[in-house]
Amino acid sequence: MNDPRIIVALDFPDSTSALDLVARLDPSLCRLKVGKELFTAAGPQLVEKMMGKGFEIFLDLKFHDIPTTVANACRTAAALGVWMMNVHALGGRRMLAAAREAVPPGSVRLIAVTLLTSMDQSDLDEVGLKGEPQDVVQRLAALTRDCGLDGVVCSPLETSRLRNAIGADFCLVTPGIRPADSSPDEQRRISTPRQAIENGADYLVIGRPITQATEPAVMLSRLNKDIEDIRDVSRFDNF
């Protein structure tokens with residue numbers, strides 16, 4: 001598989017647990033996501049170790065700070081050699097533009113988080129964001145595109161609308177992916193792999209259904225098979 005579409009979320013508290021799981025996966029069949037918990041515990045050394053095993057890494061630290069600080073953080077992350085990194089679109093235009101300037105196009109894929117998949121309408125109302133979740137996501141995605149970033153992280157429930165509004169040359173990364181027979185956990189705006197791809201997602205972030213499976217490699221193969229079954233009838237291969 002030349003361009004694995006599944007990104008396995010390594011939501012572990014330490015490097016030992018993460019590496020135990022990674023040893024059971026094939027780098028040709030998935031990429032790996034390292035988030036705040038694992039990166040805080042294990043640092044860049046773990047990222048380098050996993051890249052040494054052939055895995056491409058999505059560094060999911062959601063940088064959100066003043067423009068100079070975010071630019072410096074992005075530059076440092078890019079120097080690690082990661083495949084993808086993200087910032088938070090709510091940081092605004094100047095922050096997004098500074099991140100793009102620090103990480104030139106064609107080097108690391110630079111994307112932005114729109115809304116966390118744990119947020120629903122009541123959360124938006126409480127923090128004062130106007131509009132329904134899909135409206136807020138579309139505004140933030142348009143801002144991200146205008147600043148020259150490569151794509152956004154968004155709920156699979158927003159992918160179809162974003163794909164139609166923004167077009168094919170914009171990467172949509174979707175967390176909140178669960179097989180039809182699994183628990184939704186704390187995420188509220190979720191979807192199955194098939195639904196997400198049919199709606200226009202490019203990459204699927206999947207954590208517990210794989211990492212907590214009795215046979216993670218078997219579950220990964222099953223999910224990849226689900227994806228392959230619909231690729232020929234989807235715009236999926238055109239990205």
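Note that Cβ sites are derived from N, Cα and C of the backbone, with glycine treated the same way.
The substrate binding site annotation in Swiss-Prot covers D11, K33, 60-69, T117, R178, Q187, 207-208 and is backed by sequence analysis. As annotated by Swiss-Prot, active site, proton donor applies to K62.
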Check your understanding: In DSSP terms, helix, strand or coil for G207 (substrate binding site)?
Key -> coil
Review point. If you run the three-state DSSP split on P67 (substrate binding site), which class comes out?
Key: helix
Exercise for review: Give the helix, strand or coil assignment DSSP yields for L61 (substrate binding site).
Suggested key: strand
Exercise for review: Would you mind reading off the Cα separation of D11 (substrate binding site) from K62 (active site, proton donor), to the nearest angstrom?
Suggested key: 15
